[in-house]
Structures are given as structure tokens and as C-alpha cells.
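Engineer: I have a structure here, written as C-alpha cells, and I will follow up with some questions on it.
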């Protein structure tokens with residue numbers, strides 16, 4: 001009853017936690033239900049969305065996993081809207097040049113596999129593995145959880161920014177290749193202002209640009225991220241080659257323009273015009289995004305930006321300290337010490353000489369005492385010549401001390 005009143009009057013996201021059968025209704029009423037597996041059975045666990053073993057695990061569930069989940073989902077949605085706006089609006093710009101005849105700039109097969117094969121894996125990797133700060137800093141700075149409560153990472157404003165970003169990307173993706181190939185002629189005399197060639201070039205640059213964009217949006221790289229991001233880009237060229245050369249189908253955003261059905265007399269990829277157009281389009285679309293982000297990180301950094309910077313500095317210091325520890329020591333080892341056996345001494349001194357220990361020189365006037373093991377239990381006397389501080393001017397003035405061993 002209390003949870004239902006809060007949901008209606010406070011307009012807030014509620015969480016209920018319980019460990020018994022009497023908490024089942026409360027757990028089901030709340031937006032998020034957490035069950036504790038305890039001595040009262042598993043009724044609360046079965047009715048909950050998340051299950052924990054002890055109540056103290058709730059802190060990590062909220063501040064670490066809950067925050068990461070919101071962060072990943074927000075970034076997933078922003079990128080998903082961006083890449084689909086960039087993809088869809090290209091058809092609108094092409095409609096102005098085809099008399100609004102409902103002709104698409106892309107091949108129907110490319111339209112079918114764009115979200116399925118070409119751009120699905122990178123955004124999936126971000127939605128599963130990405131994180132801005134690690135779990136230790138998430139627990140150390142609880143205020144990082146505040147943007148989720150205030151719904152700052154994805155709202156109407158963020159949706160509009162994603163739409164504007166996609167709108168600008170679609171304009172560049174269509175107009176730059178169109179201006180390049182409008183009146184172009186290949187060295188062999190073929191006219192480059194072809195509908196299928198334009199669609200192929202725009203489709204290829206679109207896949208490259210959105211892949212570069214998701215690489216810039218990724219904050220935490222793993223081996224899975226590298227495979228999914230760069231593998232999807234490689235997969236585009238492999239699938240395109242297989243569809244056009246092996247099967248002999250129509251264009252699917254191909255880099256290869258077929259002059260006729262059976263021969264491949266012209267390849268757009270072999271022309272410098274295509275690569276120049278692709279590089280120019282990527283620079284035009286990436287540089288403003290990087291400038292915008294660097295400006296806000298430098299002028300108006302959020303708590304997440306400051307914690308991320310602190311985390312990277314700590315990682316850099318840790319790597320530097322590890323490199324220092326890995327450098328070989330210049331100190332001589334025991335094997336490099338020159339040692340010999342003085343046959344004039346007793347047998348017990350041989351162990352001292354061959355042990356390789358470095359005896360530190362004591363200051364003048366200090367008591368010179370040491371214990372030396374002998375094979376027998378009889379005491380020995382050793383004469384040690386020491387120089388008195390007062391007699392430094394005389395080279396031959398020595399005193400003979402006797403030490404009982």
C-alpha cells in the first residue's frame with residue numbers, strides 16, 4: 001500500500017526489498033523488486049526482479065550494477081537513434097533528385113541487413129560491457145548515481161541531440177558523395193554519375209562512419225568490443241563481396257560497380273576518388289563531435305569526467321611503478337662477488353670469506369665486535385689492527401686490539 005501511494009503521488013521510481021512471503025505483494029507492486037534468499041523460503045526471490053544473498057549487497061547492486069545498466073542503456077539508445085536517423089534521412093535527400101518517385105538510394109537487400117548484420121554487434125557490445133568508471137570508484141563516489149535519479153543521460157533533450165546528429169550526418173553522407181560523383185568520369189571513360197554507384201558509395205561510407213562513431217563512444221574496451229566493432233566493419237566487406245561476386249546478386253551497398261552482369265569492368269574501390277570521399281566524410285563528421293566533447297570536458301566537466309580522469313592517472317602511475325620494478329637491478333648478485341679462501345686463517349674464517357657477505361666499514365672509534373662460528377667450542381683470540389682518530393697524521397701509529405671469540 002505504501003509503495004503504491006509513493007508511485008502515484010511522488011512520481012518516482014520505487015524499489016522494494018524483502019525476504020519473506022509477506023513481502024511478495026510489495027515486491028511486485030514496486031518498479032524494481034529485490035528478494036533476499038534467506039531462512040524464510042524463496043517466495044520473495046521468485047517474485048523479485050533481482051535476487052541477493054545478503055542485505056549489504058544492495059549497495060553494490062544499486063551503485064555499481066544499477067548505475068552501469070542505466071549508463072549502458074542510455075548510450076545504447078542514443079547511438080541507436082543516431083545511426084538510424086543517419087540511415088533513413090539519406091532517402092529523403094535522394095528524393096529531391098529523383099522527383100519524389102519513391103526510389104530508394106540503397107539496394108533493398110542493404111536496407112534489410114543494415115541493422116541486422118552491419119551495425120548491430122558494436123552497439124550490443126556497448127550495451128553489455130561499457131562502463132565509464134570502475135566498480136571501486138562507483139562505490140567511492142555515490143554522487144555518480146545522481147544522474148540516473150534525475151534522468152540526465154537519456155531524456156527528450158538527448159533524443160533531440162541524437163536526431164540532430166543523425167540529421168547532420170545524413171546530409172554529409174549524401175551530399176559529399178553526390179558532389180564528388182555528379183559529373184565524374186573514370187580514367188576508362190565510364191560515367192560515375194550512376195544511381196547504383198552513388199548508392200554503393202553512400203552505403204559504404206555510412207557503415208564506416210557509424211562504426212567510427214561507436215568506437216569513439218566506447219569508454220571501456222575489451223577483446224569482445226574490438227572483435228564486434230572492427231569485425232562488423234570487416235564483415236561488411238566480406239558479405240558484400242560474397243553477395244556480388246559469388247552469388248552474383250544485385251548491389252547491397254557494394255564497392256564494386258557492375259558494368260554488365262557477367263564481368264567486373266570497373267571497381268570503385270580501386271579509384272582514389274572513393275577513398276578521398278570516404279576520408280573527407282569521416283573528417284567532417286568526426287571532428288565536430290570530438291571538438292564538442294573536448295570543450296565540455298575541459299570547460300564544464302561532470303563528476304564522471306573528473307573521476308574518469310583520476311582513474312586514468314592512477315592507472316598511469318601504476319604502470320610506471322610496474323615498469324620501474326621490472327627494470328634489472330644494478331646491484332651485484334652473490335655470484336658476481338669475488339671471494340676467496342685465506343688458507344692462513346683458521347677453518348672458521350673460510351665460511352665468512354666464501355659466504356659473499358659485504359661487511360660494512362664501521363666508523364673510527366666504534367666497538368668492533370662480531371661472533372664467528374667455529375668447528376670446536378674453544379675460544380679464539382684474533383688480533384685486529386685499528387687506527388685511532390687522533391693518530392691520523394702518523395701513518396705507522398697503530399694499536400693492537402685483542403678480541404675474544
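From the backbone N, Cα and C atoms, a Cβ is placed for every residue, glycine too.
Model, not experiment: these values are computed from the prediction.
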Engineer: From 57-79, 80-102, 310-332, which range did TrEMBL mark with transmembrane segment?
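Structural biologist: My reading of TrEMBL: the transmembrane segment range is 80-102.
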Engineer: Any idea which of 7-27, 28-48, 133-153, 196-216 is down as transmembrane segment in TrEMBL?
Structural biologist: 196-216
Engineer: Near the transmembrane segment (272-296), which same-chain residues lie under 8 Å Cβ to Cβ, leaving out any that are not at least 6 residues past its ends?
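Structural biologist: Sequence-remote neighbours of the transmembrane segment (272-296) are 165, 168-169, 172-173, 176-177, 180-181, 184, 192, 201, 204-205, 208-209, 212-213, 216, 255.
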Engineer: Please give the sequence-distant neighbours of the transmembrane segment (80-102): residues at least 6 beyond its ends with Cβ less than 8 Å from one of its Cβ atoms.
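Structural biologist: Hits for the transmembrane segment (80-102): 114-115, 119, 123, 159, 162-163, 165-167, 169-171, 173-175, 178, 202, 206, 209-210, 213.
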